[in-house]
Amino acid sequence: MSGSSNIVAMKKIVQQLRFEANINRVKVSQAAAELQQFCIQNALQDPMLTGVSSSTNPFRTQKVCSFL
Amino acid sequence: MGEMEQMKKEAEALKTQIEAARKAAHDTDMASAASGVAPAPRVQLKTRRTLKGHLAKIYAMHWCTDNRLMVSASQDGKLLIWDSHTGNKVNAVPLKSSWVMTCAYAPSGNLVASGGLDNMCTVYNLKTPVIKTVKELDAHTGYLSCARFLSDTEILTSSGDTTCVLWDLETGKQKTVFLNHVGDCMCLSLSPDMNSFVSGACDSLAKLWDIRDGQCKQTFQGHTSDINAISFYPSGNAIITGSDDCTCKMYDIRADQEVISYQDAALNSGVTSLDLSASGRLIFAGYDDFNCNIWDSLKGEKVGVLSGHDNRVSCTGVPGDGMCVCTGSWDSFLKIWN
């Protein structure tokens with residue numbers, strides 16, 4: 001295993017770490033508040049939270065028609 | 001000091017710097033911050049459809065953007081296209097290789113893709129009089145774990161060869177190769193604005209990538225085993241991952257760190273798949289223990305369970321309108337719940 005390919009690989013690792021170290025980080029409290037706001041604002045448009053009435057449910061159990 | 005030694009030292013210093021910056025931003029965690037939020041309702045969903053037709057384990061499923069059709073892939077060597085409203089099979093696509101691990105529906109509804117241990121991503125046109133193979137994307141040197149269409153002309157794949165690739169479907173060639181993981185890539189998820197995507201791998205890391213320039217922008221640590229499932233939060237600012245370490249985690253992109261872990265001492269099965277409800281409040285996570293657990297994404301509490309499969313839940317999907325959740329299993333059935 002050639003030493004120079006190890007050095008090339010290591011250079012890439014260092015380059016990537018430099019890039020990732022330089023980003024700006026937002027405080028978790030602020031990020032959490034915005035995430036909560038998004039959830040709450042969209043809650044009424046979330047059928048899994050509001051429930052689906054059987055009249056509007058495309059997956060409602062299919063009723064069987066029988067001839068009387 | 002040799003060049004190698006110097007670089008190792010710099011790498012360690014940078015890692016320490018990143019950890020310190022994350023800690024400085026960690027003034028709370030998601031569960032504490034959500035203590036004032038009303039709990040999610042107890043979620044009790046019923047099976048509305050059981051789709052029978054596959055003859056072997058189902059490995060993947062994906063909804064069409066019309067919220068009605070879906071594609072599923074099984075190691076019986078077939079892709080099946082289902083009309084979820086009627087429960088009928090609309091199409092069957094025989095696969096050259098039965099060792100399929102993923103399938104995808106193009107946003108247009110015109111194309112579907114599949115791939116697996118053949119190391120290839122095969123794209124099919126559903127709209128020609130007879131379903132035709134339009135491309136075989138052949139450059140990965142490992143299995144195809146996941147594929148997602150950006151459009152009818154571009155598709156993203158993740159592979160056991162540790163790379164992700166953006167392909168041009170007109171030429172069949174690789175446009176961009178995303179190199180940085182050191183373990184098999186197992187899953188990927190496109191951001192809502194389609195400018196970036198996240199990948200999860202067997203190196204227990206999740207990575208955020210810029211689709212156009214190929215740059216790995218951020219790396220998320222915390223899992224202690226393979227990440228099998230990943231999804232963007234609908235807001236685009238967070239991601240949810242599921243792992244063989246039996247936990248799901250939320251990472252906030254702007255805070256660059258884990259903000260909550262979804263776990264339970266009684267749960268000791270790996271997470272195979274996951275998807276989110278329309279608002280992001282609920283996480284539907286499929287596990288090796290045959291169940292799909294439902295988590296409150298803000299509070300970290302389990303709020304429901306989908307039990308009904310007789311084998312591992314291998315895939316989970318919520319359609320774009322959020323009207324239901326579909327689970328697919330090694331028991332060869334797909335179930336639709338709401």
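Any Cβ shown, glycine's included, is placed from N, Cα and C.
Curation plays no part in TrEMBL annotations; they are all automatic predictions.
Annotation comment: TrEMBL describes B:51-92 (among others) as repeat 'WD'. Same-chain residues lying 6+ beyond the ends of the repeat 'WD' (B:51-92) with a Cβ under 8 Å from its Cβ atoms: 98-105, 107-109, 112, 114, 116, 124, 126, 131, 311, 314-315, 317-321, 323-324, 326, 328-330, 332-336.
TrEMBL lists B:137-177 (among others) with the feature repeat 'WD'. Below 8 angstroms of C-beta separation, residues 101-108, 110-111, 113-123, 183-190, 194, 197, 199, 201, 209, 211-214 of the same chain, each at least six residues beyond the ends of the repeat 'WD' (B:137-177), sit close to that stretch.
Here TrEMBL flags B:178-219 (among others) as repeat 'WD'. Listed as Cβ neighbours of the repeat 'WD' (B:178-219) (distance under 8 Å, sequence separation of 6 or more from its ends, same chain) are residues 142-143, 145-146, 148, 150, 156-166, 225-232, 234-236, 239, 241, 243, 245, 251, 253, 256.
Residue counts for the repeat 'WD' (B:220-261) by DSSP state, with H, G and I taken as helix and E and B as strand, are 0 helix, 23 strand, 19 coil. The feature repeat 'WD' is assigned by TrEMBL to B:220-261 (among others).
Taken from TrEMBL, the feature repeat 'WD' covers B:306-338 (among others). Long-range contacts of the repeat 'WD' (B:306-338) within the same chain, counting only residues at least 6 positions beyond its ends with a Cβ under 8 Å from a Cβ of the stretch, are 45-52, 54-63, 65, 67-68, 70, 72, 74, 76, 82, 84, 229, 272-279, 284-294.
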Task: Intrachain neighbours beyond the repeat 'WD' (B:220-261), with Cβ under 8 angstroms and 6 or more residues off its ends - done: 21-22, 25-26, 29-31, 183-184, 186-193, 198-202, 204-208, 267-276, 278-280, 283, 285-287, 295, 297, 300, 316
Task: Secondary structure content, the repeat 'WD' (B:137-177) (per DSSP, counts of residues) - done: 0 helix, 24 strand, 17 coil
Open item on the list: Could you give me three numbers for the repeat 'WD' (B:306-338), the DSSP helix, strand and coil residue counts?
Closed with: 0 helix, 15 strand, 18 coil
- [ ] Count the residues of the repeat 'WD' (B:178-219) that DSSP assigns to helix (H, G, I), to strand (E, B) and to coil, and report the three numbers in that order.
- [x] 0 helix, 23 strand, 19 coil
